[in-house]
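Features as listed in TrEMBL:
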BINDING   56-60, 120-126, Asp149, Ala251, Gly314, His368, Asp433  (6S)-NADPHX binding site
BINDING   Asn57, Asp116, Ser152  K(+) binding site
BINDING   Lys403, Gly404, Ala405, Asp406, Thr407, Gly432  AMP binding site
DOMAIN    10-206  domain 'YjeF N-terminal'
DOMAIN    216-487  domain 'YjeF C-terminal'
Amino acid sequence: MHEILSAARMRAADQATIAGGIPGIELMEAAGRAVAEAAKAMAPDGLVHVLCGPGNNGGDGFVAARLLAEAGRPVSLSLLGARDRLRGDAALAAARWTGPVHPAGPDLPAAALLIDALFGVGLDRPIEGLAAEIVAAVNAAPAPVLAVDVPSGLDADSGQPTGPVIEAEATVTFFRKKPGHLLEPGRSLRGTLELAQIGIADAVLAETGIDGHENVPALWARALPRLTGAAHKYTRGHVAVVSGPATRTGAARLAAGAALRAGAGLVTLASPGSALLVNAAHLTAVMLARMDGPGDLSALLADPRYTAAVLGPGMGLGPEARALTEAALAAPAALVLDADALTQFADDPDRLFSAIAARPAPVALTPHAGEFARLFPDLAKLPLKTGRARAAAERSGAVLVLKGADTVIAAPDGRLAINANAPPWLATAGSGDVLAGIAGGLLGQGMPALEAAAAAVWMHGAAANEVGPGLIAEDLAPALRPVLATLIDRNGRRT
Ligand SMILES: NC(=O)C1=CN([C@@H]2O[C@H](COP(=O)(O)OP(=O)(O)OC[C@H]3O[C@@H](n4cnc5c(N)ncnc54)[C@H](O)[C@@H]3O)[C@@H](O)[C@H]2O)[C@@H](O)CC1
Ligand SMILES: [K+]
């Protein structure tokens, strides 16, 4: 259920099902029924006004209107375009509606609920003219809006409005979610999302292929580190986190604390001598090692007990800082490169990518959009966030975590997950440092890189939901405890 389908793949799933012998009108009846049920739950009484468009999305609207009327609800319906221009299943659905069909316009009746069945995945250009006036009127109306499949005007693949767009309280979509339901601003515009099954068999996915998955624990829970009775701190990995200079140490400490909470057995902060005292004053369970330059870091990481290292938070730019990252790239540990450790290679990204290609242990890169554009200036112009992340993972040979409110995680082999559990209050100073630390903690326990990165992003969002509004980055690592409790039981087994 967590696969994601683009508009084109969804059309292919519809067509394959119809070709397999299930009439399209049956799918439409099931879709309309799901919409009618959602409408009843949203507005238990009062008028429901259904706005139908010229395609099959409008057909779903006709079915929902008929079923609501049959259930005794007052229903009114308006159609954008001429009734005799309806084709195929939409024409069949309209023929079964016996109530009046009003011409659609911006004058809306006072309704308890508006159903937006104007355009679905068939939207192929920006909404304009009369349809744009209707969208504006719907958004200005006091009634809540239930969108059929996608809020009209939203591009189902990118999550971007193509122009005027419906703002919905809730959306009912069919068979599988579309990328635009998870990518911002689509995730915000669609309101709550219900996934309805309409008679398309899961087996059709083998034919259509998929565009990735929603980032949910089912994707990576089986790859979580397993704690056995024989576990001791040395079997749980040792993570090194590189500290910045004396005035910029907090970011690395946030990452180090998060790595420990994520389950690493040992975490050592590798600190410049000048920052040792300030780091020492703030650390207890996290250990401290003096590290004055790339030679020291190479010597530290040459110890194979270091299973992962995190570089970037608070690290700084310039040749000395970059030499540290190059030393880490030459070491055997798995790596998380974040923030400055990415920007250090802005003048020569290929050097970073060839170092990644030359090392056996995995690398996760965790850029936000600005850092991404410095390393991948051409890819940053690609229209889809999913396409940007996938192409960058392939080019770099690393697992790519393209951060944002809608973080996308991609592997060089094409696997991809879109994260949709992050609350807005997670956008705060130091939040990214914590994410890098969680990823390092999971990689250090031997979790495969895509799974570790996806799990880290999800846990980060889940921890932020535990904390709630008012969150500061320091709150996140402690909040990992209840999150981990939902994933790993007291016997160390994955739940
Ligand atoms: N049999 C099927 O294929 C099924 C389709 N379903 C529904 O059908 C929808 C897709 O139907 P369609 O492919 O017919 O597409 P839509 O109903 O989304 O819209 C396509 C129609 O709108 C027009 N159009 C597109 N953009 C426009 C714009 N900006 N301004 C004005 N007109 C515009 C097109 O020319 C076409 O007539 C899905 O989102 C879903 O709601 C469901 O009923 C399940 C079964
Ligand atoms: K719609």
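Quick reminder: no glycine exception, Cβ is built from N, Cα and C everywhere.
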Annotated binding-site residues Asp116, Ser152, Gly404, filtered by Cβ under 6 Å to ligand 2: Asp116, Ser152
Between Asp116 (K(+) binding site) and Gly59 ((6S)-NADPHX binding site): CA-CA distance (Å): 12
Filtered binding-site residues, from Asp116, Asp124, Ser152, Gly404, Ala405, Thr407, whose Cβ is under 6 Å from an atom of ligand 1: Asp124
DSSP state at Thr407 (AMP binding site), helix/strand/coil: coil
Max pairwise CA distance, angstrom, over record-listed AMP binders Lys403, Gly404, Ala405, Asp406, Thr407, Gly432: 14
Between Asn57 (K(+) binding site) and Thr407 (AMP binding site), the C-alpha gap once rounded to whole angstrom: 29
Distance [Cα-Cα, Å, rounded] between Asn56 ((6S)-NADPHX binding site) and Ala405 (AMP binding site): 32
Neighbours of Lys403, Gly404, Ala405, Asp406, Thr407, Gly432 excl. site residues, C-beta within 8 Å of centre, AMP: His368, Leu402, Asn419, Ala422
Candidate binding-site residues Ser152, Lys403, Asp406, pick with smallest Cα gap to Asp124 ((6S)-NADPHX binding site): Ser152
Candidates Asp116, Val121, Asp149, Ser152 (binding-site residues) with Cα within 10 Å of Gly432 (AMP binding site): none
Listed in sequence order, residues with CB under 8 A of His368 ((6S)-NADPHX binding site) and six or more positions away: Leu402, Lys403, Gly404, Gly432
Local backbone state of Val121 ((6S)-NADPHX binding site), from DSSP in three classes: coil
Pairwise Cα distance for Asp116 (K(+) binding site)/Asp406 (AMP binding site) [Å, integer]: 25
